[in-house]
Amino acid sequence: MARSKTSQRWLKEHFDDPYVKMAQRDGYRSRASYKLLEIQEKDRILRPGMTVVDLGAAPGGWSQVTSRVIGDRGRLIASDILEMDSIPDVTFIQGDFTEDAVFARILEAIGDHPVDLVISDMAPNMSGVRAADQPRAMYLCELALDLAGRVLRPGGDFLIKIFQGEGFDQYHKQAREMFDKVQMRKPLSSRDRSREQYLLARGFRGE
């Protein structure tokens, strides 16, 4: 079957992408690793010994970065609907985050340990129809914020991929009510044509 012009363009962009080449060189599973590395360089959200939850983790780029920083004393719980090859000392839970049973399994894996940081690079399968994609993306963001509100220690941080559009302003307001400081980040490694940004919320206020 002949490839469409769109898929041909994506393949050319992918293989010409310097971050794809860097990921291959540096041993990262995904170019997305560099988005987290850029944010880490600027904001220092990861530290040795932390307990971290990584949502939308597959294929494991963010988990690799996180694991390398938090080290042996740290704890990382990762989850995705897709399979992910194992990473040493990472607890992985496969399943649909929107399902109550999977949400409960993540909470069970966390247990009574206070979480220092929740990170999420989740996104729904995009149809290209913004009116359909945006609500689905925001629903994932809302679930992630709900999880963060349940498991973060006071003073903990939250980083999430989010798309500008319907529901964004309300979400931003909700995050400001829950955290001391909320900032937006657009890493250089995020593709120019992408609407994605990252919301960084610091200083969870707790109950």
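Glycine is no exception: its Cβ is also placed from the backbone N, Cα and C atoms.
Between the candidates Asp43, Asp96, Asp100, Asp146, Swiss-Prot assigns the S-adenosyl-L-methionine site shared with Gly60, Trp62, Asp80, Asp121 to Asp96.
Cα spacing between Asp96 (S-adenosyl-L-methionine binding site) and Lys161 (active site, proton acceptor): 17 Å, rounded to the nearest whole number. Distances between the Cα of Lys161 (active site, proton acceptor) and those of the binding-site residues Gly60, Trp62, Asp80, Asp121 are shortest for Asp121. Between the binding-site residues Asp80, Asp96, Asp121, the minimum number of other C-beta atoms within 10 Å of a residue's C-beta occurs at Asp96.
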